[in-house]
Structure formats: C-alpha cells, structure tokens
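Going by Swiss-Prot, these are the annotated features:
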ACT_SITE  S173  active site
ACT_SITE  H200  active site
ACT_SITE  D300  active site
DOMAIN    4-121  domain 'Response regulatory'
DOMAIN    161-356  domain 'CheB-type methylesterase'
MOD_RES   D55  4-aspartylphosphate
Amino acid sequence: MTIRALVVDDSALIRKVLSDILNEDPKIRVVGTAVNGKDGLEKVIKLRPDVVLLDNVMPVLDGLKTLARIMKEQPTPVVIVSALGERAEEITLTAFEYGAVDVIEKPSGILSQSMPEMAEEICRKVRTAPKANLKNLECMRDSEPLNPEKRETKENRVLKKAAPRNILAIGASTGGPRALEKLICSLPAELPAAVLVVQHMPPGFTASLSKRLDSKSALRVKEAQEGDRVEDGTVLIAPGNYHMEIVRNKVNSLEEETIHLSCGPKELGSRPSVNVLFRSIASVYGSRVISLVLTGMNCDGADGAEEIKKMGGKVIAEARSSCVVYGMPGEIVRRNLADLVLPLDKMAEEIIRIIG
C-alpha cells in the first residue's frame, strides 16, 4: 500500500527537495505540501495523510503547537524535520514529548555529496512512521529537572566512581528518546552498573538528548567521547554518526575500560549501530552484561544480542504493548534471544532486581 505523505515547511526549497526525495520512492506519494503550521493542520484534517513531515521552526503556528494540535485533533504519525543548532535540537527533543515519532535532519542542499544517503534515511523513516503505535505516543511532560541540591550531590558522586560491576547496554531507534527518558529516570542514583546507550539519531541531536536526560535523571548522563572511562552510575550515549565500542587498557598495571568511537561502515543502515556496541561489550564483559532492546525499526541489535547470549549475558526485549515500533525487539523475540520480554514501565524494577 502506498504511504501518503504531507510535507509542512515554510521554505519552498525544502518542500521541493523533500517532495522530490519522497516521490522517488515507489512506496511513498506526497499528497500535499503546506507553508506553515496553520496551513499544515488544515491539510492534515482535509487530506488525512499517513505521515506528516513537519518543520520544527515556522511562522504563524510553530512546529510544537502544530504537533500538539495534530495529536489532539487528528492523531497522525509525525516526523520532525530539523536544522542543526542547539535551539532547533532542543525544540526537536521537546517534540518527542508531544508525540513525534522520529526526526530527520533538514537537507542542506541538493548537490550535497551526502544527499543520496540522506534521501535513503528520510524514505526509510517515512516508511516506518505509519507503523507507529500512536497510543504509546501520548504527551509525556511529567519528568522535571533535578533541583540544585540533587544535582550537586550527583556531581560529587561522580568523583568517586569505580570500574563497573555490571554493564547495562541499551539499543533503541524510533520512539527511543521517550523510552530512554522513562527508563533512565526510573533508575536509582547508586546503580551498581555502567549504562551504555545507542539511540539512532542524526549527529548533534544526541548531545542535546544527553543534556536533557542528565537534567532529569539521578544518574550522570553524557554524550560519549573518545577515551571516556566506563564507570558505575554513569550513562554514556553514542554520538550520532559514530559507532561506540569498549576497549580494555592497562593503566599503572591496572586494567580499565574506555570508550572507542569510530566512523566505520554503517551496519543495517545505522551508525551508531546497536550490533557494534553489543558485540563489543559481549567480548569485554561476558556474563556481566544486561542488554535491553527497546522500540525501534529494523532488526539492529539482534546479531549483537546473540553474541551476548553466547557469553552468558542477559537479553531483555521491550514488549509490543509499550513499543512505538516493534521492529527491533520483535526480531529479538522472533529469534528466541530474549530472556525476558517486559513492558517499559517494568524494566527498571527488573534491572534493579537482577543487579541486586
């Protein structure tokens, strides 16, 4: 069945570029375009598209207000089209709280060398969006930033970190930012484990996601950098466009594990790749690994989960009932790799029980 798409952007050039990209895909047809949020909302109601590509910064009615009204008046999967820049990235992350399914980076120019690769990513996300479970995209604006006293306590605790006793590795794609916020904000400050995350997102957005989660979580959260130590109570998120692996080093006759980032080939169309992280931690940490495969498209993570199982680690898949898209966890279940299948709101409790 052909996917009917509506493109909403105040730039005539971007509307044309996106429309041309989407119409090249035989499974997608652009049924309309809109020049601002007000125009877009009217066309969503009139045309009833399967997916909306929505600019996050527009005149008349901005992206967030438009998104909120779409989800209230005519619930439809929405993919945010965002430029880079701290303000745009912050608005995009807020859009996930309002119910956006995914984000794509705004094309910078038709002649860009990366355009074919970007076009494939755009089409892939648009093909996935209509599969989203809109029931699990209801507005979630209930996680408040930590107060200054708690933040100071968290920062002081970071100075005392030791090598991790356990490794919690998380892979997510479509619907992941919301799922990560719910999960990570449910974990205790004194978690006796390091947390490593791969979330499929364009470059730039993972830094904003890390800052946002750090402001709301009792754990320290940061975008991973080359050479970062892997430590208890710290969440490291792979930066967009970089694979994240673990390497073991000797420092003053003591072994420690650190982060290694690389721009190796994409795996299953993704960089960072969940498979790359999972294989790496399986080889370094073996049975101390607890891996979680959350909501997301395609099957990234399944091959890596198989390696984790071989080394004695645990694999937990998110249940269909709480997923936005059941692709990645569904593949884990299909291949009989899951030790447990749990809805998102039960995962933190089970992680704490396993780690003890």
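Glycine is no exception: its Cβ is also placed from the backbone N, Cα and C atoms.
Computed from a predicted structure; not experimentally measured.
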Whole-number Å value for how far S173 (active site) lies from H200 (active site) (Cα to Cα): 5
Long-range Cβ environment of D300 (active site), under 8 Å and at least 6 residues apart: G171, S173, H200, E267, L268, S270, S273, V274, N275, M328
Helix, strand and coil totals (DSSP H, G, I; E, B; other) for the domain 'Response regulatory' (4-121): 54 helix, 26 strand, 38 coil
D55 (4-aspartylphosphate), number of other Cβ atoms within 10 Å: 27
Neighbour count (Cβ, 10 Å) for H200 (active site): 28
Other CB atoms within 10 A, centred on S173 (active site): 27
DSSP-derived structure type at D300 (active site), helix or strand or else coil: coil
